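K.L.:
Here's the feature list from Swiss-Prot:
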| type | residues | note |
| --- | --- | --- |
| SIGNAL | 1-20 | signal peptide |
| TOPO_DOM | 22-113 | topological domain 'Extracellular' |
| TRANSMEM | 114-134 | transmembrane segment |
| DOMAIN | 195-485 | domain 'Protein kinase' |
| ACT_SITE | 323 | active site, proton acceptor |
């Protein structure tokens, strides 16, 4: 009797465990999910956020997956710019959020009060400045100045964070032992807030790029304005995707916001590559056959990793870039490339078969848009469509590289794709007429046929430029073809 009772109890417990495994995840309100009755499910948390966009409050409600929750980006508010809440019960994000209202204006001051308020601090600052100058003329100040360590290096913070390790060591340790999604949030903030900006090295759609120094190491700092918070947030989110790190994808270091009470800067810190973008590199340099193959192979390797889904508990979703061009690819010291600027990227959830398209009004670069994007025939409900559009753009980048390859002393001057067919800043209509209606593609010079490497590269380009996206090569196929070419040409990629 006792044995039968124990057996029945064991079966009941197994049934309860099975039911728990099959139970649906957390249900949340999702304002972006009109196809699923504005509802989504997740194993992470429900998310509600209100942000200031063009002077108006914009509300977003959605699900946060466990990897995204662990990245600690979603549940973070910034002063007067966003208010964000994460919660963990069904439909708990069905709430109304508002940005904090400014405190009521203080009563107006009269002329006498204003004069006192202005005069007193100015006098005090003047006295303090005079005392400082007088003190620094003395021997004691001179001695300290000589013996003082470099003020640009906040050594205590450096020692606290890295303990003798380089940034690459820190990132490798976290990638090898943790989630693979980047440094902990506290370390990111410590790094970002102890960086000394050196010089501006570029400007883009979303802000400026600076060369910075942290503990004697070079870093790149992409600075967004507060009105582009959505772009900063999206790019930081993509860069912190689990298992994204790859030698041919720009190495992400930190994301942080700098708020001094009057304005907010949003920082994205990454590895610094002094050679600059591929566009700048090709304008300055001629490449050898081996150099061309190294550049092309590294781009294909980075894109293949981006496009590939890694299945597992520490897996990576497939990602499409959506803005591949020579200005968004950086050249490293070793003459290989790293794909950058992931702010427009999309992620594919193969389990739910959904595409995480960013709510961003900015699109890719018109000159590099695939035919199906120009004539609006692209099926945005199929993730493969985005990968195929990337391949078309890569073909154009390869054309830019191959033109600068010197064979027998013959080399073409650097030009952008379609330079002889459209103006310097073409419209979508102008690109559609050339690419879709007239079906033109960049010309491939006849002299490329005399060089095996250029002949293979020309064939790859043509197979990337097919009007039918399904007929184009995959990034992995391109990588394998160029790898074989690398072996034939005996180049060390």
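In case you wondered, yes, glycine gets a Cβ from its N, Cα and C as well.
Just tell me what is around each of these and how deep it sits.
P.N.:
Confidence annotation: the topological domain 'Extracellular' (22-113) carries a mean pLDDT of 78 in the model.
The C-beta environment of residue 323 (active site, proton acceptor), restricted to residues of the same chain at least 6 apart in sequence and closer than 8 Å, consists of 341, 343, 344, 364, 365, 368, 393.
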K.L.:
Summarise the topological domain 'Extracellular' (22-113) by DSSP state, stating how many residues are helix, strand and coil.
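P.N.:
Counting residues by DSSP class gives 12 helix, 33 strand, 47 coil.
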